[in-house]
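Report on the structure given below.
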């Protein structure tokens, strides 16, 4: 357990509860508090998680928005879900209002707090959260394409018969329709992925579609995704809290492009400590610029 490691999770839904559950068993938090506008949901989740906490050393309880604002790390999972046939702009409008209320309720937010946004559209909402909170851009991070990258590495691990943790490959850009895979920079054991005989046989478009479409397939079959993103959010908290200096693809403000989207970033106590520029082919750079254009076209980023 790390001294001064209080984590607040805003949102007691499936993603918030999954994040709390995954984080509990890392035994790095002095305390986890859960905050939600629905007191019954908070009580139910805390009671249920407290049973699991009996085999963990992490206290968990309900908390207030004001307490959340004084936590070391604030994980925002509360947000409206996209309705069937609803335009993306309408979802942004609804989640903007939710985010504005959340951040307003937490004020004053600790000047050294780290905010992790785990709500879609995550790139846009991370940008908005940074603006509303008044914190420095390096202190406000979105989950971005971390889960997409994990899915890609698992998929490639199956193809190349190697542990996914030994694969260095990234999904970059917007977490959404315009995200892209940096194939040229991908490697296994220091050897470029493009140099493997199997690479020539890869259907890269099919892989990209499978990675970006996996969430919708899960939603179609059971209504929502939460375990995977909860585990990823907990891992990001772990990385920051232990100052691990690990590199993950997360939503960050990238000055070169003038937008918030996913690039590999070194994470530690101060949040984002360094953003790494991935070598891309001309075709890949063009795809990344499509992400930039898609995000800049959104009214709330203007």
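For all residues, glycine too, the Cβ spot is worked out from N, Cα and C.
Taken straight from Swiss-Prot:
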type: ACT_SITE; residues: 175; note: active site, proton acceptor
type: BINDING; residues: 88, 120, 151; note: substrate binding site
type: BINDING; residues: 120; note: NAD(+) binding site
(request) With an 8 Å cut-off on Cβ-Cβ distance and a minimum sequence separation of at least 6, pull the same-chain contacts of the residue listed as 'active site, proton acceptor', or say none. (result) 120, 121, 122, 123, 142, 143, 144, 145, 148, 251, 261, 262
(message) For residue 151 (substrate binding site), which of the three DSSP-derived states applies: helix, strand, or coil?
(response) helix
(message) Using a 10 Å radius around its CB, how many other CB atoms surround residue 151 (substrate binding site)?
(response) 20
(request) Have a look around residue 120 (substrate binding site) and count the other CB atoms within 10 A of its CB, chains all included. (result) 22
